[in-house]
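Just below is one structure, and these are the notes that go with it.
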Amino acid sequence: MLQGPGENAGVIDLGDGLAVAFKAESHNHPSAVEPFQGAATGVGGILRDVIAMGARPVALLDALRFGAPDDHFSRAVGGIGAYGNAVGVPTVGGEVVFDDVYASNCLVNAMCVGLLPSERLTRAKAGEAGALLVLYGATTGRDGIGGASVLASQELGEESADKRPSVQVGDPFTGKRLIEVSVELVERGLVLSLQDCGAAGLASSLSEMAADFGIDVHLDRVPRREEGMEPWEIMISESQERMVAIVAPERLAEAEAVIDRWELHRAVIGEVTESGRLRALWHGEVAGSIPARHLTAGCPRYAVARVPREAPAEVAVDGAPPTAQALLELIGSDALRSRAFVYRRYDQLVQSRTVRRPGLDAAVLRLRPSFRGLAVTLDGTGRIGSLDPFTGGALAILEAARNVACAGAEPLGFTDCLNFGNPEKPEVAWQLAEAIEGIAQACRALGLPVVSGNVSLYNDTDGRSIHPTPTVGCVGLVPDVRRVPGAWREGDAILVASAGTPALPGSEYQARYGIPSGTPAALDLAAEAELVRFAAAAAPRCSLAHDVAEGGLAVALAEAAVHSGIGARLDLPSAAAALFGEGPGQVILAMAPEQVEIDPLGSSVGVRRIGEVGGSSVLGVPLAELRAAWEGGSR
């Protein structure tokens, strides 16, 4: 790990002089109020976080949770596509979840992945006293004022539409030029540090840059597009597509020439000092002054009451349909059907790195000119965390790691978005603490770090909280992209590797045919870690490797069959928990029969053969019917 939490993004060394910068971030409340611009500016913001590390963005992912695939959802998808497509960065993965609990409080989490030479890592902290602050990009207006305070730190309610002026407005074409300028400035060694103007605008950006030094900012020098702006408005404006660079005086002319060539606005707005204070000046007069450390290391700590919330006793699922009917209904439901109607609106191939597109576990990008690759994914948990937030946090990490492993990659690290309700409610504070502990213990079991992320709280509407929803991004290194599994083949043996026994509590099956209740299956974290390592080692020898997630084993097998275009002859128990249960990790592997002798890498991982590839059905359901149901959402 080259850079952990505390900077704009985390950075991990990939070897051969290359590093990867990545981060996930939320834009939930702006997207609830104005879905197109809220989602679009979420993409723009996460791009700038990665740019600020000196990296060129190579991939975007998004995790979306809405009440239904309605117009509000479609507009958010449109905003993501409009921004990502225009800036020339492929959107290669993510997840889409529909659940009533997100109907009034949607979640829009975005992740960006960038590549950089290891020695070119750039940080936000001020470089040296006497260096100059250069603001470049778009001009500053009143759009987005209060975005961090009016939107992100309050519950939503009936008056939320009145907050639309606090939603930022994005300009992807300026964003594209900002990428090129920033990368060139770093490549030519013209900046000492770099910072994005994100939430709270200059107030936030400059406080982070000034933490170990001091900064004087002359607000009257900021290029503005509106007349009569007050100093406080300029300081907290969240106008998009702006960056702040710290430049040595002797390199200023060169830096300005680069910015001018791309026709962006620029101005020297201040200088680094040794005062230890962030001072805002207006026509030479001090408009505000505060010790910089007070805004970073001096934040207050709140004593928040935590009250455990016990899951309701499990209610048996009565009256569920036969297995074949349940499988068909589940795979065709809004919760589980194909997401092609979403990701086909995104450019997945721009930059010509994409080896594996969205649709099955992790996407894979080639690290040219070698045949090494980067596997990337973004996943989360929700309903299962409402029953047991510790398990929800751990599973978010483990599923992300399994997705990457199923592409034949070694997981390297994580980024997370913690989406929770109002932390002033004792039960929500407890959920947050439990989920964090679950994430921490899962990471320790895997021996991997969380290098970046953010927290989104107050996801309540009229007093109703969302499910505790940790969203986790993972990157992994693929030794050879030519050996990434694709589709299973006629005659292949089908195996399942597992780290435990699945159960119905928290599952899609239980939600559809019963009442979400009970305690999710316990996790054996040592076995889960072994399963991830086993899957990563076995995947290159497989025609297909697929993580079992929402919907359980039966749905995962149906997905594999539809993806591959051929059915499966299976020998499985008929119990609903075995077919549709969720929880402990499971991975489906398909390989030539002569390759079945594989070492599970430890006694905690069970591997069993459950059938072979062939035929035109899965668990009694014709493949044509499964495909029709699964693609029913592909409109």
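A Cβ is built for glycine as well, from the same backbone N, Cα and C atoms used for every other residue.
Summarising the annotation, TrEMBL assigns active site, proton acceptor to HIS27. In the shown protein chains, 35 other C-beta atoms lie within 10 A of the C-beta of HIS27 (active site, proton acceptor). In three-state terms derived from DSSP, HIS27 (active site, proton acceptor) belongs to neither a helical nor a strand segment and is classed as coil.
Other Cβ atoms within 10 Å of the Cβ of ASP416 (ATP binding site), summed over all protein chains shown, number 30. What TrEMBL records for LYS23, ASP416, GLY453 is ATP binding site.
The Mg(2+) 1 binding site annotation in TrEMBL covers GLU25, ASN454. Long-range C-beta contacts of GLU25 (Mg(2+) 1 binding site), restricted to its own chain and to partners at least six residues apart, with a cutoff below 8 Å, comprise GLY42, GLY45, ILE46, ASP49, ASN109, ALA110, MET111, CYS417, GLY453, ASN454.
The annotation substrate binding site is assigned in TrEMBL to SER26, HIS27, ASN28, HIS29, ARG48, GLN168, GLU238, SER239, GLN240, SER456. Secondary structure at GLN240 (substrate binding site), as computed by DSSP, is coil. Cβ contacts within 10 Å of GLN240 (substrate binding site), excluding its own Cβ and spanning all protein chains shown: 27.
Look at TrEMBL and you will find ASP49, ASP196 tagged as Mg(2+) 2 binding site.
Annotation source TrEMBL lists domain 'PurM-like N-terminal' at 6-115 (among others).
What TrEMBL records for 129-282 (among others) is domain 'PurM-like C-terminal'.
The domain 'PurM-like N-terminal' annotation in TrEMBL covers 361-478 (among others).
What TrEMBL lists as domain 'PurM-like C-terminal' is 489-616 (among others).
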Which of 6-115, 129-282, 489-616 has the most Cβ pairs closer than 8 Å to the domain 'PurM-like N-terminal' (361-478)? 6-115
Mind checking which of SER26, ASN454 has the fewest other CB atoms within 10 A of its CB? They're the binding-site residues. ASN454
Quick check: with LYS23, ASP416, GLY453 left out, which same-chain residues have Cβ atoms within 8 Å of the centroid of the ATP site Cβ atoms? GLY10, ALA24, GLU25, MET111, PHE414, THR415, CYS417, VAL450, VAL451, SER452, ASN454, VAL472, GLY473
So how many other Cβ atoms are close to GLU238 (substrate binding site), meaning within 10 Å of its Cβ? 30
Far apart in sequence but close in space: which same-chain residues, 6 or more away, have a Cβ under 8 Å from ASP196 (Mg(2+) 2 binding site)? ASN8, GLY45, ARG48, ASP49, ILE51, ALA52, SER205, ARG242, MET243, VAL244
Of the residues named as substrate binders, SER26, HIS27, ASN28, HIS29, ARG48, GLN168, GLU238, SER239, GLN240, SER456, how far apart in Å are the Cα atoms of the most distant pair? 21
Rounded distance in angstrom between the Cα atoms of SER26 (substrate binding site) and ASP416 (ATP binding site): 10
